[in-house]
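In what follows, a structure is listed as structure tokens, so that the remarks can point back to it.
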């Protein structure tokens, strides 16, 4: 039986449709909830979020439905009850994660925990539920802290994620793919096949040059071009923005080398950011409004588009037990 | 220059300082290690937490206590709505705190913000965050502000103050200066130096309490007397628990008498660092009334006068917590 955990319960892989594999309903650094400058009323949150998800749902109809993978880590404002209401009212499948965006987003209780405790936290959220919501996590988030190198805490989280992935069959997504040698070494030591790991953000403006995307793919890892839309052409681009054409060419070059079955793509947008200004106008629907037209314009076939947005994520997200 | 008002900010709003009674000045109500609220093996049953805290507060009141100060700051389990209900139900005044620290207890928002480079927060931003919790109310994260903070609590890293610890302390001092509430600072490695940092922000010494001064390393360094000489309050705040890093009960009694005899009876504060309910850590299971029921009798036996006892458990915390209005500045806005 093929299944994927969504916030409303497991669904068959066949229902996923088009998948936006690295997104956020709303992201904030831990502690940002204390700063009222970012607060919005619940009315405003729904108002900012629901139309984006409805548009996503409508666009995805051509692919048999749409799935939004929220990779907001445990301490970053992840709000599963809210996601459940959004999913139920819009029809978009929402997959929530366990894990942490990086060691620097793990609060003291977790920062002090050993690999075994972190593993149990992740396995619990995948098999028993997240908090009191009853919803099961469908992916495990890990990442590299600010500073460019994996910290000791980052490594503990990667190792726990690998063990939880092996125990549950749920895959791992990474925030950043820099310092990949250390990550790959941990996954190998734990015996996790690298096709269960999506190495994300190989395409952002800060890290693309430093990321050994080809090497990771050669090791068997999946590659995430998942910051599409964070462009230097924007009126107020974030520091990780990159020229639109440069990112697109990077992607086309990569799949042109016969690696299309290893790539996934997403926009890493916030429907309604929790602890930062966000980037005005950038939404998950960049995929439909800009990226798919760009890919078609570059000559990609509909079959190739289905490979990247439907088949690869289905293969990746399906619980492998 | 500052003038003392006669009111104190409790979770239910300003109350007359004369109403406080005996104050447990360095305690914790609900103490949650940041992040433990998301842990798979931690349960936060509000009804059970309320029941446990209410029992402890009623016991405190029955033993003669009047006010409990929760000095855990804004990010260690503080639950203003719960504390308001507890204050109403038990009749014990509850003073809650803003502030946070040491650095290791902070969320990434303050340490690695989404800027390039990820520069940790400076003192001025902490000052604004803390002051608003006094003037506009304490945050219930992403929901509302509720009740004024009555003090700013900070702490420095035990192995030595970090740059962010210093920003926290300077920010706390600025917030205190702007709003009239005191700073309660749990010292890291060098109590005297850390007090100097708060004073460097032009905060009067009598608006600062330095905690942890019944630690053996503090006493060995002569810190309690030196802090008192500097005009700040000296908190001996681990009364009732046994810990190798702290003085024994008998040594604490001797230290109190030494301070009083040296003329610093008006600078001494006594407390237990008790945790009413602890989540994500073992906590410190001491009654809020321990100082009153167990330690004060030892002080009397050792010869401390009734007037000095009264001064230490009632007058000193009342003076500390009374809102101090800067002469040049306008009065802080109170929140009910």
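Positions of Cβ are set from backbone N, Cα and C atoms, glycine also.
Where the annotation comes from TrEMBL, it is an automatic prediction and has not been curated.
Given the structure is predicted, the values throughout are model-derived calculations rather than measurements.
Per TrEMBL, Zn(2+) 1 binding site is recorded for A:22, A:24, A:141, A:268. Among the features that TrEMBL reports, Zn(2+) 2 binding site is placed at A:141, A:175, A:201. Sequence annotations record features per position, and here TrEMBL assigns N6-carboxylysine to A:141.
Location within the structure of each feature annotated in TrEMBL.
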residue : record                : contacts (Cβ under 8 Å, 6+ apart)
A:22    : Zn(2+) 1 binding site : A:69, A:71, A:173, A:198, A:200, A:224, A:226, A:264, A:266, A:267, A:268
A:24    : Zn(2+) 1 binding site : A:70, A:71, A:72, A:268, A:269, A:270, A:271, A:273
A:141   : Zn(2+) 1 binding site : A:71, A:72, A:73, A:97, A:98, A:99, A:100, A:101, A:172, A:173, A:174, A:175
A:201   : Zn(2+) 2 binding site : A:174, A:175, A:176, A:177, A:207, A:211, A:224, A:226, A:227, A:268
Handout entry: Lowest local Cβ density (other Cβ within 10 Å) among binding-site residues: A:175, A:268
Key = A:175
Problem - Extra residues within 8 Å (Cβ to Cβ centroid of A:22, A:24, A:141, A:268), Zn(2+) 1 - result: A:23, A:27, A:69, A:70, A:71, A:72, A:101, A:173, A:175, A:200, A:226, A:266
